[in-house]
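Single-structure report; data block below.
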Ligand SMILES: N[C@H](CCC[C@H](N)C(=O)O)C(=O)O
């Protein structure tokens, strides 16, 4: 952040990007100091009073050997999460555009492991999203044993869903038609359902044929988005496990199309799609954080009279 005039907070450079309409504020926290509290992220994600975004993506120096960057993700509600597939494609495009790397194969460390980003032509990026996690405690999802389909009680209604982690938790329901699926009503109730102790992203999957699907996702911490990359991966895994999909699937989301490939147990999920830069900006944060008022060492806090 550049030096700031008296009484004004520091400025922060950012880039606005999207992956199929799932939109992001992207910040290079390598060449500028960066610290945003959850309440600030919530304010900035507001589409009327702030910049407006589904997620904030932060580029940091690597914290592990043989990776190029650390990739941090914050939802619009300020929660920090483990994975963002559409964001990963934008991350790859961003670090090259900002000359933070000239590599075409970029390894990034997320909260739940390392993913590999391969930059292709015309803004396309292929992401190795890692091996899906199906073991309930690791998703996390409350179940006494691992199953392909679980029956969940939602306010007296029973719902069949699969539970998959792509680093972040997903519940996937198969529906006849995504256009009439109860995304607005069932989505939020499942997102915060007690069987998902860390909440979850809820996908509504329509099988068109064995290599084509349609998907809408009610995202954890953001609501319904125009696309969800990790959600598309989780949905294809669920569809394959149910015997409804082949290994390579074109997934049509509200904002466009992703190609997802999963060769089955133990194999990583590969995602191929676009990354788009919309504009670059600079914002002035409100006055810097007040240093917290802690009593000096050895001196008891002043007793309030
Ligand atoms: N809402 C998600 C993070 C963003 C995922 C999505 N935007 C994607 O493209 O994967 C979560 O809380 O796990």
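The backbone N, Cα and C atoms fix where each Cβ goes, glycine too.
Summarising the annotation, TrEMBL assigns active site, proton donor to 84. As annotated by TrEMBL, active site applies to 84. Under the heading active site, proton acceptor, TrEMBL lists 228. The substrate binding site annotation in TrEMBL covers 22, 55, 75, 85, 86, 168, 201, 219, 220, 229, 230. The compositional bias 'Basic residues' annotation in TrEMBL covers 293-305. According to TrEMBL, the feature region 'Disordered' maps to 281-305. Annotated site 'Important for dimerization' per TrEMBL: 279, in sequence order.
Structure coloured by features recorded in TrEMBL.
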residue: 22; record: substrate binding site; DSSP (3 states): strand
residue: 75; record: substrate binding site; DSSP (3 states): strand
residue: 84; record: active site, proton donor; DSSP (3 states): coil
residue: 201; record: substrate binding site; DSSP (3 states): strand
residue: 220; record: substrate binding site; DSSP (3 states): coil
residue: 228; record: active site, proton acceptor; DSSP (3 states): coil
residue: 279; record: site 'Important for dimerization'; DSSP (3 states): strand
Distance from residue 84 (active site, proton donor) back to residue 75 (substrate binding site), taken between C-alpha atoms, in Å:
10
Cα distance, residue 228 (active site, proton acceptor) to residue 22 (substrate binding site), nearest Å?
7
So what sits near residue 279 (site 'Important for dimerization') in its own chain, CB-to-CB under 8 Å and at least six residues off in sequence?
15, 16
Given 75, 220, 279 as the recorded positions, which ones have a Cβ positioned under 6 Å from some atom of ligand 1?
75, 220
How many Å separate the Cα atoms of the residue listed as 'active site, proton acceptor' and the residue listed as 'active site, proton donor'?
8
Among the substrate-binding set 22, 55, 75, 85, 86, 168, 201, 219, 220, 229, 230, as the record gives it, the longest Cα-Cα distance in Å:
16
Most crowded position, judged by CB atoms within 10 A, among 22, 86, 201, 230 as binding-site residues:
86
Any idea what the Cα distance is from residue 201 (substrate binding site) over to residue 84 (active site, proton donor), rounded to a whole Å?
11
If you measure residue 230 (substrate binding site) to the residue listed as 'active site, proton donor' at Cα, how many Å is it?
6
Sorted by sequence, non-22, 55, 75, 85, 86, 168, 201, 219, 220, 229, 230 residues with Cβ within 8 Å of centre, substrate:
54, 73, 81, 83, 84, 87, 217, 222, 225, 228, 231
With an 8 Å cut-off on Cβ-Cβ distance and a minimum sequence separation of at least 6, pull the same-chain contacts of residue 220 (substrate binding site), or say none.
75, 79, 81, 168, 169, 191, 199, 200, 201
Taking 10 A as the limit, how many CB atoms besides its own sit near the CB of residue 84 (active site, proton donor)?
31
